[in-house]
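Quick look at what TrEMBL lists:
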- His104, Asp124, Asp125, Leu126, Ile127, Ala128, Ser129, Gly130, Ala131, Gly132: 5-phospho-alpha-D-ribose 1-diphosphate binding site (BINDING)
- 49-154: domain 'Phosphoribosyltransferase' (DOMAIN)
Amino acid sequence: MNDKVASDTVKDLLNIRAVQLSTNPPFVWNEEITAPIYTDNRLTMAYPRIRERITKNLAQLVREQFPEATVICGVPTAGIAYAALVSDRLELPFIYVHADLNHHGLIRELEGKLTAEDKVVLIDDLIASGAGSTNAAAAVRETGATVLGIAAIFSYQLPDVVRQLERLQLKLFTLTDYTHLIEEAVLFRLVDEDFNLTLKYWHENPTTWPEKFGE
């Protein structure tokens, strides 16, 4: 990971308030995870300069880590827009995965042209539970095509998710991550020492955190 890109990306996310921090109330991600943090990278699409920087850096990430890529695939829903932008920049074919597999009465997972010989890079905005990317990878692999890996804007680096991606042989590269986010939040005094400890504890214990901190 490029430290300057990681730091600059976090600053952009913080400046547009794409990252929200709160313990009262906390953020409910799903039935399993309640968190003191929420990241909405969809907001970056409203800021042309930030959108352009992210697109440029994602494209460079794909060039460096997946030079053999032949197709760019968008992970629903927020990864689709960036996948289209990245594929255009790299002059590669673009496909995307449907969030709702029942599309106009058809059971179709992928939209676009894909062959078994293709080598695909998934583009996602955020790696939290990892469900979106792993489901997209499964859909691509069912066609016989190869999934080279995932390029994303941000990852929470949750240990269980990291292990799951490794088990599924999905390489992940991101512009920035939870470690850089916390470093910048502390540097800019967006969190105090107590909240910093809360963020660290949650990251290590995302499913049990509410029992200790979430009131």
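Numbers run from 1 along the shown chain.
Even glycines carry a Cβ here, placed using N, Cα and C.
According to DSSP, the domain 'Phosphoribosyltransferase' (49-154) comprises 42 helix, 32 strand, 32 coil.
Counting other CB atoms no more than 10 Å from each candidate's CB, the binding-site residues Ile127, Ala131 peak at Ile127.
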